[in-house]
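Taken verbatim from TrEMBL:
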type: DOMAIN; residues: A:128-413; note: domain 'NADH:quinone oxidoreductase/Mrp antiporter transmembrane'
type: TRANSMEM; residues: A:31-48; note: transmembrane segment
type: TRANSMEM; residues: A:117-150; note: transmembrane segment
type: TRANSMEM; residues: A:162-184; note: transmembrane segment
type: TRANSMEM; residues: A:204-228; note: transmembrane segment
type: TRANSMEM; residues: A:240-257; note: transmembrane segment
type: TRANSMEM; residues: A:269-292; note: transmembrane segment
type: TRANSMEM; residues: A:299-321; note: transmembrane segment
type: TRANSMEM; residues: A:327-360; note: transmembrane segment
type: TRANSMEM; residues: A:425-452; note: transmembrane segment
type: TRANSMEM; residues: A:472-492; note: transmembrane segment
type: TRANSMEM; residues: A:529-549; note: transmembrane segment
type: TRANSMEM; residues: A:653-671; note: transmembrane segment
Amino acid sequence: MGLVVSAIAFLFAMAAAGIAAKRLPQASTVVYGGTAAACALIALWAAVRLAGGGPDASLVLPVGLPWIEAHLRADSLSAVFLIVVNLGGITASLFGWGYERAHHDSHGGPVLPLYPLFLAGMNMVLIAADAFTFLLSWEFMSLASWLLVLSTHRESETPRAARLYIVMASFGTACLLLAFGVLATAHGDYSFAAIRAHAPGAGAAALVVVLILLGAGSKAGLVPLHVWLPLAHPAAPSHVSALMSGVMTKVAVYAMIRVLFDLLGEPEWWWGGVTMGFGALTAVMGVLYALMQDDVKRLLAYSTVENIGAIVIALGLALVFKAAHTPVIAALALAAALLHVVNHSLFKSLLFFAAGAVLTATGSRDLNRLGGLIHRMPTTAVLALVGAAAISALPPLNGFVGEWLLFQAILNAPALPDWSLKIEIAVVGAALALATALAGACFVRLYGIAFLGRPRSRAAGEAVEVGRAMRLGMAVPAVLCVVLGVLPTPLIRLFEPALRLLVEAGPFDGRAYQPWFWLAPTSAIGNSYNGLIMLVVIALLSVVLVLGIHRKASDRVRWSIPWGCGFDGPDSAAVTQYTASSFGQPIRRAFGSTVFRARDHVDMPAPGDTRPARLSVTWTDPAWVAVVEPVSRGVAWLADRANRLQYMTIRRYLTLMFLALVVLLVMVAVSQR
Amino acid sequence: MSDLGYDAAHMLGAVVLLMSFALLYQRRLFSLLNVFTMQALALTATAAWQAYSHGEPHLYITALLTLVLKAILIPVALHRIVVKMKIHRTIEPALGIGLTMVAGVSLVTLSILLVLPVTADATALTRENLALSLSVVLLGLLMMISRRNAVSQVVGFMSIENGLILAAVGVAGMPLVVEMSVAFSVMVAFIIFGIFLFHIRERFDTLDMQKIESFRGESD
């Protein structure tokens with residue numbers, strides 16, 4: 001534990017080194033190198049602890065408020081998330097080092113001092129063991145990431161994104177504050193151990209569940225509290241976007257797990273039902289939003305919303321099964337959640353890095369200005385393909401294993417006693433299947449438009465491959481995506497202590513024979529997955545396919561039509577290609593016209609008129625219309641009312657004070673009876 | 001403690017409170033100042049009586065300070081201000097006697113209900129005294145918010161201070177330094193008020209707060 005604390009202290013020292021960046025030419029190397037080293041140390045420590053077992057490490061530091069010490073504790077759940085956070089930290093540091101050199105922006109805000117602080121904040125949230133330290137670290141993390149978003153303050157959209165982010169972050173922290181307040185009311189002790197020992201009553205527990213879903217959900221991006229996320233995440237520099245999207249949302253998931261599974265004691269069935277419902281809504285809405293975006297990084301941020309939805313569905317399932325006293329299935333669902341947490345942190349970091357590489361090479365995030373990058377940036381293209389395939393849940397990559405495990409849990413729903421839950425899980429499963437399929441379409445669109453075809457702009461045509469550090473930063477998560485897809489069982493074994501802590505069972509309980517290359521969780525259905533066989537079969541089929549095409553098709557004389565829809569031959573204009581908007585149109589028509597009220601307007605000139613025809617697409621965000629706008633109108637109304645207090649006469653102020661005094665005295669007199 | 005000591009202290013405290021009631025409905029500034037002087041005199045007598053009956057000589061200093069500052073210096077100075085500013089004929093709207101009495105009596109009831117249960121283990125004199133002085137403070141506040149003229153607001157403020165001193169002399173063992181500092185803060189407050197009154201007068205040609213408020217640019 002002392003090791004983790006000193007590594008975090010070292011991160012603070014790196015922040016201090018970052019402040020001196022203007023003087024030292026090598027500061028960026030020092031800061032990113034030191035941050036990566038500290039993260040590697042913490043990740044290694046956590047992995048060793050998880051593998052080796054042993055008692056939980058804990059430490060009490062005499063800092064903070066005088067009568068409250070800072071309780072720190074790293075149990076198996078913390079260790080799992082420490083690995084996720086610090087793995088993301090290592091790759092982001094590697095990529096960020098190269099990215100910072102390529103993107104040297106002397107007018108932007110400082111990134112170097114804040115970047116280690118952001119990682120330190122996330123690590124502190126994970127090892128906090130009392131409500132005070134937890135909230136302090138949580139707010140520290142929020143503020144550090146907010147300042148990182150503001151580092152691109154010269155861009156036109158950043159100030160609005162940052163303002164929305166700080167409002168939502170404050171809202172979330174306020175909800176968490178209230179939740180911990182309710183949890184600690186009964187005994188007045190804010191340490192997690194005391195909260196765990198005194199389970200709250202049914203009403204208080206219900207309040208806490210709602211507050212946690214609001215507070216941590218707003219950080220994770222649960223619909224309809226996601227509105228800030230697709231604005232703020234893309235606004236930061238790309239390696240920070242990767243951390244915010246891939247890692248910080250996982251810290252929010254950690255908060256949900258910590259409270260719902262650990263601190264609140266025995267769950268009631270409806271907690272899981274509500275959680276699952278929000279998860280399903282989030283998954284489907286997130287991917288639909290993503291399909292309508294033309295901005296690469298914003299598309300990725302919306303895809304994060306979708307993946308958080310999948311994780312939250314898994315959490316809801318685990319709660320339901322835990323409440324129904326089928327702990328093995330609950331462990332299966334929770335293992336799926338944790339596996340997806342790891343997976344998503346890997347491939348979302350990878351994809352954000354790829355977006356950063358594309359941004360570095362072309363200076364553009366607009367899909368409709370990219371294209372043909374596979375020829376100009378071959379390494380980035382291959383690595384991005386791995387990320388896109390993994391996030392689309394294609395075997396034998398890790399995304400597939402996560403979704404597969406989640407569906408195993410969903411398929412166990414008939415074991416539940418309650419009919420309404422059985423039906424809800426069926427609906428949620430269908431929604432998840434829809435979201436997964438749409439995610440596939442979404443990433444075919446992203447990859448196809450950005451990397452295939454011909455360049456749609458001069459910048460895309462002249463792009464050059466990015467530097468070695470950035471490529472290495474992408475390669476590490478890509479390799480891990482493949483490894484975890486082929487051999488997921490050792491990782492799930494690593495989760496077992498955490499699962500036993502939270503649901504008191506493991507996913508492999510009751511199985512006599514459990515080889516390390518075979519994933520066969522205990523369930524009523526008895527399905528199993530073997531990544532090695534999958535890999536071999538896919539490799540063989542690919543070889544057969546490639547050979548077949550080259551042998552049979554390449555040497556034939558081919559005939560083609562001279563008029564290829566205006567796009568034929570090397571001289572034709574690249575703008576006549578299929579665009580991102582065209583790719584999204586069928587899905588926009590099918591889903592968007594009802595959910596987003598998306599409308600296509602065709603402005604067709606009359607015959608003889610020479611002006612060009614125009615197609616414009618309009619859509620409205622239901623979360624803005626239904627949630628954000630009414631709330632902001634209400635706040636403005638209240639502020640208007642409160643503003644009058646500013647302009648009262650001195651006698652009115654005195655009267656108010658006098659009345660307040662009298663009311664307080666009356667309250668004291670009444671309470672004395 | 002002898003019965004006479006208790007009764008006399010109680011009566012003197014009640015006189016201070018009675019003067020607070022009287023302050024509430026005085027419409028003319030001179031009579032207001034006269035009632036205030038009488039309150040200060042009653043307070044002086046209370047302090048002196050406590051000093052005598054408890055044998056605490058430092059309370060004589062308190063009594064002397066109250067007499068000089070509250071009963072002589074401040075009323076005379078305010079008197080001169082009123083004369084100098086030619087507002088001695090002003091008839092100022094105060095609350096009606098009936099309404100004032102209802103509000104005042106309810107405030108006194110409130111303070112008794114509040115103080116008596118809280119201080120269950122203190123001596124009877126301390127409890128009564130605390131209840132009386134809290135009533136005087138509340139009545140002074142009520143006066144400050146119900147008056148429009150700056151001079152009468154100053155008088156209201158001073159009667160709040162009287163309430164504080166009443167509490168200070170009634171509680172045995174209050175160190176002298178507390179009373180001294182209260183007395184001097186009153187003196188300083190009075191000087192500042194005086195300067196402000198002249199400045200307000202110079203600038204706005206009135207001491208009526210309602211008229212002054214209309215000068216504030218931001219109110220609509």
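Just so it is clear, glycine is given a Cβ too, placed from its N, Cα and C backbone atoms.
Note that TrEMBL annotation is computational and uncurated.
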Leading stretch by Cβ pairs under 8 Å, where the reference is the transmembrane segment (A:240-257) and the options are A:31-48, A:299-321, A:327-360, A:425-452, A:472-492: A:327-360
Interface check, the transmembrane segment (A:472-492) with the transmembrane segment (A:327-360), three or more C-beta pairs under 8 A: yes
Leading stretch by Cβ pairs under 8 Å, where the reference is the transmembrane segment (A:204-228) and the options are A:31-48, A:299-321, A:327-360, A:425-452, A:653-671: A:299-321
Beyond the flanks of the transmembrane segment (A:529-549) by 6 or more, those residues with Cβ under 8 Å of it: 395-396, 401, 404, 485-488, 517-520
Stretch among A:31-48, A:269-292, A:299-321, A:327-360 sharing the most Cβ pairs under 8 Å with the transmembrane segment (A:425-452): A:269-292
Same-chain residues near the transmembrane segment (A:327-360), Cβ under 8 Å, at least 6 residues beyond its ends: 80-81, 83-84, 87-88, 91-92, 95, 99, 102-103, 237-239, 241-243, 245-247, 250, 253, 257, 261, 296-297, 300, 303-304, 307, 310-311, 314-315, 317-321, 370, 373, 377, 380, 383-384, 386-388, 390-391, 398-399, 401-403, 405-406, 408-409, 412, 415, 450, 463, 466, 470-471, 473-474, 477-478, 480-481, 484, 488, 491-492, 495, 498-500, 502-507, 509-510, 521-523
Distal contacts, the transmembrane segment (A:31-48) - CB-CB under 8 A, six or more residues away: 3-4, 7-8, 10-11, 13-15, 17-18, 21, 74, 78-80, 82-83, 85-87, 89-90, 93-94, 96-97, 100, 112, 115-116, 119, 123, 494
